[in-house]
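Q: Not my notes, these are from TrEMBL:
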DOMAIN    B:5-187  domain 'Tr-type G'
BINDING   B:Asp17, B:His18, B:Gly19, B:Lys20, B:Ser21, B:Thr22, B:Asn134, B:Lys135, B:Ile136, B:Asp137  GTP binding site
Amino acid sequence: MARALYIHWPFCLAKCPYCDFNSHVRNGVDVELWRNMLLADMRHEAELAGSEPLDSVFFGGGTPSLMPPVLVGALLEEAERLWSFAPGIEITLEANPSSVEAANFAALAGAGVNRVSLGVQSLDDEVLRFLGRLHNGQEALSALDTAQSAFRRVSFDLIYARPGQTLEQWEGELRRALGFGTEHLSLYQLTIEAGTRFATEVRQGAFVPLDDDPAADLFALTRELTEAAGLPAYEVSNHARPGEESRHNLTYWRYRDYVGIGPGAHGRRDGMATLRHKKPENWLDAVADTGNGLKEERSLGTAEQASEALLMGLRLAEGVDLTGLSQRFGIGREALVHPPKLAFYESIGLAWRRGDLVGITPQGMPLLDALLGELVPADLVAA
Amino acid sequence: MTDLALIRNFSIIAHIDHGKSTLADRLIQATGGLTAREMSEQVLDSMDIERERGITIKSQTVRLDYTAQDGLTYELNLMDTPGHVDFAYEVSRSLAACEGALLVVDAAQGVEAQTLANVYQSIEHDHEIVPVINKIDLPAAEPEKVRAEIEDIIGIDASEAVLTSAKSGIGIPDVLEAIVKKIPPPKGDRAAPLKAMLVDSWYDPYLGVVILVRVLDGVIKKGQQVKFMQGGTEHLIDRVGCFTPKRVELPELGPGEIGFVTAQIKEVEQAKVGDTITTAKGGATEALPGYKEVQPVVFCGLFPVDAADFEKLRESIARLRLNDASFSFEMESSAALGFGFRCGFLGLLHLEIIQERLTREFDLDLITTAPSVVYRIQLNKSRTDDAREIMLHNPADYPDPSRIELIEEPWIKATVYTPDEYLGPILKLCQDRRGIQRDLTYVGGRAQVTYELPLNEVVFDFYDRLKSITRGYASFDYEQIGLREGDLVKMNILVNNEPVDALSMIVHRSVAEARGRHMCERLKDLIPRHLFKIPIQAAIGGKVIARETIAALRKDVTAKCYGGDISRKKKLLEKQKKGKARMREYGNVSIPQEAFIAALRMGEE
Ligand SMILES: Nc1nc2c(ncn2[C@@H]2O[C@H](COP(=O)(O)OP(=O)(O)OP(=O)(O)O)[C@@H](O)[C@H]2O)c(=O)[nH]1
Ligand code: SF4
Ligand SMILES: [Mg+2]
């Protein structure tokens, strides 16, 4: 049963050139309409998966910090009514660090949000312009300040492995970032996603993405510095003081059920993959017509679920419990992870085994996708 | 049956692409064999692969009725032949069934290597040769220069050579008249016991095995019980006819005539080309000399990319064999590639064509290993085994070197015919390939150079190299001249310290290092980076002669992956797995099939 709720707010002030999320730029959003529709979509899921209290709620986007705090409050109120909240529930909202949005932080905290994830991306004005962000470094710093006084838990994102970025440059930036004393950091390597403006620019030769070799060096440096600062990596790109991990995101990686509502939101409900209409207008129409925004509900076979559990779980430093997975999906351990391959990659230091647990070493993490291709048997993937 | 005096049997011979099949088209059209509407370009090239590549692979025979200027109607049996050297045996069979030949020479290109090779064969058969200078419509055509070339180089009278453009139909009536006037009628005795030459045989899904025959004496007809003198089998003739090119049934074929018969034979093997057909009772006592049997000279392994396709491959090869008895196959197993077949071919083009037909007609994905030739090895006595001789078709079967007394490899005599400006690079190429120069002559601006070369050095890429260094202007012909001793060694390729049997090859010691280096460099480019570094080595016995290293992969990870991305991520993994299915796992290394195929194309710098 789902103990995590994701709510998608699909609007942004401008589209960032690297972004392939479900985000849209619209003039004027009918807040009243959106509130009603999100509430309806939420009720639909609560009916099907609403028996246990929630451990986490996550407002993602788009830019949920553009939501009026009263809307956030109304949604949380309804969620609590439908599911009830477990003690110490984590309620996260993604925010952009502009002064306008920072002005809302106190009100959002009042509405129940207790954790923010700030899209700082860089502390350097020139880089922020390259990344097409609307804020500058100074604004980001003061937003961070405001956030830290408004919320108990604050995390922020940085994008690194940018074109031409050197080890020295990144070390300087990351050390500064660690100095702000947040208990959580998300550090993403810049990825050129198909269909983004950056993809077009790269094709046209406007800039050259950083090669894999230097990117791998930056990855290693990141691990080293965060570890030394007491925020070790608990996932490929996420770092936290122990105990301060994002509980909501751990739900995904530990492959537990989660409810996803709003445009384009994915969910997992009892072996079923749910997907909602991506385009805001289509989602609105669907909710108006049918009472929910579902585009697709697909039942996943146990092999498919097991492969999902592996490809999410092995992102975590804690690894996966093979015996647990084997029992959960009724699939033999050998069919989950190919034993000779595991032994081989363990022998060359890219994977580890401890009792029932199997995981990827820090050296293996930057190679995770290739390792998954090796370790997860073809039958499981093809099934 | 037709009066002997009114029969003309001839082959059309030429260098590749000089226009034989196009000329045949025009002759068929001019004599009304097909109407303009039924006609297509190179109508006799009926196989898909012939049409697509624009080349003739199999000889084709058609009968044309031609009313000449003298008012008489003649039966013309035309045999269109392939120009490529791999299919030279097709030409020689056709020549043996005729009394004359149309020698087609491209008016722009002039005399080339196969022009010579084919015309000399024709001369050996005492043929009357009618020179035809074709493609006179081309702006670069120089018919007078070519006429002089034919006289100077081949040494036949070309003063009455017919000038044609097969493409635009110029000179066709003159060709027909020349055939009737110059080519002698066949001889033969209708009253004598049946003696017919088995010129060709092929499998037809409707008729079973169809046999092309040339009757020398006697008559062959439906209902007759015949005997294949070499094969020793007897068959009942159930159909007699000819192609016009449409299939037409006839009551009989008499002396001098060419046509087909069927006798409910199921396998081409049973109707061996070159055999003599006579009547079961009261037949001829002496068989015809027959043909030299063709032997495959180039061997390679063919393996299914997907091991599950092995049975399909076996059936497909057997089906192709029905129609092409000139290639051989036997089962082979490789540690790297699983089960497949070792196949023998007449040459590289033949190899390519069979491979392509398997891929296309039977929808198979194949891995082809490096081509190799047949070696004769004398083995010493060992504790458990007597001294003996083996024929080695597959480098993987190379014996323990300490037991090898002597290795011999096949040699060829190669004739290259070229504009003299390219002579330098050609001599260097032949020299690099261990060639021994035997002859060099100049005629006009052209040179003819003869080399003895180990076949082993030719099967790799000699022909490709020759084409590229002469921009396609040189032509090449060869014949086998037997086995010679050579300092040959087996070179192993080790990937991640394990030998990959499918990549091993037999090379001459003097070129081993260069080959090995090249191979390692190629593999370094062809094998993708792995999660660990991979040494690639070429070795002779325990001695490494070349080495490269593929650096380890440094980064391959999706930076951002939350709840919504699982499906996307899984698609990525599925794609990755599909890609892997097309590779061969060797130890922990996945080698893409292109790596095996690329071994074929070695020397292309
Ligand atoms: N311009 C011109 N092109 C011609 C003429 N005759 C043939 N060709 C072209 O030359 C090419 C080769 O013709 P084919 O008739 O296939 O030659 P071939 O000698 O049968 O070739 P192989 O059977 O492969 O040895 C084709 O593209 C023809 O269209 C001609 O008289 N003039
Ligand atoms: S703000 Fe975030 S969601 Fe919106 S376009 Fe930029 S990266 Fe995408
Ligand atoms: Mg032809």
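The backbone N, Cα and C atoms fix where each Cβ goes, glycine too.
What TrEMBL says about a protein is an automatic prediction, not a curated fact.
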Q: Give the number of CB atoms, excluding that of B:Ile136 (GTP binding site) itself, located within 10 Å of its CB.
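A: B:Ile136 (GTP binding site): 20 neighbouring Cβ atoms within 10 Å.
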Q: Please work out which residue of B:Asp17, B:Ser21, B:Asn134 has the most C-beta neighbours within 10 angstroms of its C-beta, and give that one of the binding-site residues.
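A: Of the binding-site residues B:Asp17, B:Ser21, B:Asn134, the highest Cβ count within 10 Å belongs to B:Asn134.
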Q: Among all protein chains shown, how many Cβ atoms are found within 10 Å of the Cβ of B:Gly19 (GTP binding site), not counting that one?
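A: Result for B:Gly19 (GTP binding site): 25 other Cβ atoms within 10 Å.
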Q: List those of the binding-site residues B:Gly19, B:Asn134, B:Ile136 whose Cβ lies under 6 Å from any atom of ligand 1, in sequence order, or write none if there are none.
A: B:Gly19, B:Asn134
Q: From B:Asp17, B:Gly19, B:Ser21, which binding-site residues have a C-beta atom under 6 Å away from some atom of ligand 3?
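A: Once distances to ligand 3 are taken from each Cβ, B:Ser21 fall under 6 Å.
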Q: Can you give me the average pLDDT across the domain 'Tr-type G' (B:5-187), rounded to a whole number?
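A: Summing pLDDT over the domain 'Tr-type G' (B:5-187) and dividing by its length gives 91.
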Q: Need the DSSP three-state call for B:Gly19 (GTP binding site) to compare against my parser.
A: coil
